[in-house]
Each structure stands twice: as C-alpha cells, then as structure tokens.
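Asks: Take this structure, written in structure tokens, and hold onto it; I'll ask about it next.
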Amino acid sequence: MLEKFDILGYLKEDQLKEVEKIGEIKKYSQEELIVKEGEYSSEIYFIISGAVDLLKVETRTNTNIKFGEILAGETFGEMSFFDEGPRTCSVIAQPNTEVYILSRTQLLENVDDAQEIIKIIDEAITYDVSKRLRYWTTQYTANLQEQIDQLKERNNFGLFFVIILVMALIAILINSCLDDFLPNFMNLYSVAFIWIHLVVIVIPALITLKKFNISLDEVGVTKINFNKSVLHGLIISGIGIILIGLIAFGIDLITTGNQLTSKILKFPISLVSVMSLTYFIHSYMQEFVRATVQTALQRFLLDEKGYFSVFIAAILFGMFHVSLGTQAILVTLVAGEIFGLIYLRSYNLIGVSLVHYLLGYLFIYISLI
C-alpha cells in the first residue's frame, strides 16, 4: 500500500511492513479539517485516494485562502514529522479522501528499529524538500520575471496611449487653426488633411512603437488572419451596401430630386479614381490609429475581451471630431463602435479598413455625409 510513496521508497521490505502496522488509515469527507495551521504535531500524511486543499490564513481579514492542492500518491506534513514544529498551513479534504497517518512519536514508542527507519525517512524528506525548493525557486524566479515583463509591457502600452492621445489633441488643434485662419485649405478628404494626420499622429505612433519594441503585428498590420479579415470585411461591407441601397430606395420613393438609387448603381465605377484611392489610404490610416489606441487600452486596462476598450476608443474618436459638430461626433461614435468590434474579430486591419473605405466612400459619393 505504501510502497508507491517516494519518501518510503528507501525502506527495506520488513521496515515498510513495520511502518504499515504502526500507522492508521482514516477517511475524510469534503471540507473536513485534517490539519490546522499553527498546531504542533509529528504526523506525516500519505494520500491513498482523493485529494486535499492547502489553506493559509490571510492576516488582514483572518480568512483562509486556498493556495494549492495535493493529490493521491503524494504526501504532506513532512516538515512537522521531521522537526515536530507547528503546521505551516491548514489542510482540508476534498470528497472521499483517504489518508494513511504515520506518527513519529508512535513509531519511536512501538518499533525496535525506529531510529534507523526515522533516519531513512528524514533523509528522504530532506532530499525531497531540497528538490521541491529548487523547483519552486526556479518557478518563482520565472514567474517573477514574467510578472515584471507583463508590468513593463502594460506600462509601455499605457505610455503609448498617452502619447497617441497627445498627438491626436495636437491634430485637433491644427485642424482648428486651419479652420479659423485658412478655411479654404481645410477639406476632410483632401490630400492635405491626410498628410497632416500622417505627420502628426501616424509617424509619431510608428516611432513610439519602435521605441517600445511593440511589433506592428500587435496593432493589426500583419498577415495573421489576413484571409479571414478580408472575407469578414467584404461580407460586412456587402450587407452594409445592400442596407444603404434599400434605405436610399425608400428615400427616393417618398422624396424627389435625390436620385440616391441611381448614384448607388454608379458607385462601383466611382471606386476607380484618385479620390477613391486617397480615401482608402485615409481609412487605413484611421483604422491603424484606432487599432493602436484600442490595443493600448486593452493591454493597459487588462481588458481581456476588449469591449470596454472599444467603447473608450470610440468615445475618444468621437471627441476628436468635436470641431465638426454634434452630428459628426455621434456618427463617429457609432461607427467607432462598429469598426472596433470588427477589428476584434481578427485583429487584422485589412478587413475593418475595407468596411470603413467602402461604406464611408459610399456615404460620401451619394452625399449622405
């Protein structure tokens, strides 16, 4: 019965039989206390079946916190058996747990060869504890380094978000100045507007990414999920174009002079133009900035699913259009939510950029925005 336990593996057959005679087998029900933290005793426990939970008292709240478990075929209580010191943690049983309990005191009182047996067991415990200590030291060091790396990455993404936010605010300031002092120069879809954003937001973002060793893969500029992203982008764009077409047809039925349906039918031809290409670049750049903001928020806030980060990024993008009025803010907010959720599906920019480009350019072409 006990030969499978490593700590007793160095005993001779007759010594092992003596040990089996001295101890007792005890069954425990779920959550039944086996060992209490701080108690003095000299028993070692061998789990025959079931498992046990290890609990430690949290000093501030005086509550037990589970920090581990031990399964059948393993032992616990080795150190108290070794030095008869206080228990370092409490142990409670999981359902249908059966343990063999060996007392150092009982062994000394009832076995002639007790000193030799205890010496062998103590040496095995020393070796086992040394092995565990080495393992847990290695694990602790690795875990600590991982936590340091994660914290450093989180801080980098937090700082990256602040830098992007500052650059965006500078872009808003430039837009406002141009609108006030050079009103004829400002066109949201002009080459000048795109280059302003390229210089003020995108280029600093790229420089910051490189400085923090954040790869472009992490902000959607990647081949990963490329086909999936393109497929989703085309499907969503197709559904969007059909819905816009139906709305346009309905508007044409109840009003005159708009000719929205006619414009939509000519829309594919309009895609072959310099303005169309310019708008695609504009869309991709905007989605790149959105992806960097959204990713930075998701990493910094530890937002596993990303929905909260999508919401915050959409609000920020809406506020970036404050100079254009309430309508522009609301449209950008709703579009930002949609684009952010599309990006979450594949974490690849191409799909969401296609949706932004095709639907946005369609709205511009039929003069809905």
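Cβ coordinates are placed from backbone N, Cα and C, and glycine is handled just like the others.
Reproduced below are the annotations present in TrEMBL:
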{"type": "DOMAIN", "residues": "7-107", "note": "domain 'Cyclic nucleotide-binding'"}
{"type": "TRANSMEM", "residues": "157-176", "note": "transmembrane segment"}
{"type": "TRANSMEM", "residues": "188-209", "note": "transmembrane segment"}
{"type": "TRANSMEM", "residues": "230-255", "note": "transmembrane segment"}
{"type": "TRANSMEM", "residues": "267-285", "note": "transmembrane segment"}
{"type": "TRANSMEM", "residues": "306-335", "note": "transmembrane segment"}
{"type": "TRANSMEM", "residues": "347-368", "note": "transmembrane segment"}
Asks: Under 8 angstroms, Cβ to Cβ: which one of 157-176, 230-255, 306-335, 347-368 has the largest number of such pairs with the transmembrane segment (267-285)?
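Replies: Maximum Cβ contact count belongs to 347-368.
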Asks: So, taking each listed stretch (230-255, 306-335, 347-368) in turn and counting its Cβ pairs to the transmembrane segment (157-176) that are under 8 angstroms, which one gives the highest count?
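Replies: Ranking 230-255, 306-335, 347-368 by Cβ pairs under 8 Å to the transmembrane segment (157-176) puts 306-335 first.
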Asks: Could you pull out which residues elsewhere in the chain have a CB under 8 Å from any CB of the transmembrane segment (230-255), counting only those six or more residues past its ends?
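Replies: 261, 263-264, 267, 342, 345-346, 350-355, 358-359, 362-363, 366.
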Asks: Let me spell it out: take the transmembrane segment (306-335), skip the flanking residues so only those 6+ beyond its ends count, and list any with a Cβ under 8 Å from a Cβ in it.
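Replies: For the transmembrane segment (306-335), the list is 165, 168, 171-172, 175-176, 179, 188, 290, 293-295, 297-298, 341, 344, 356, 360, 369.
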Asks: What is the three-state DSSP composition of the domain 'Cyclic nucleotide-binding' (7-107), stated as helix, strand and coil residue counts?
Replies: 22 helix, 47 strand, 32 coil
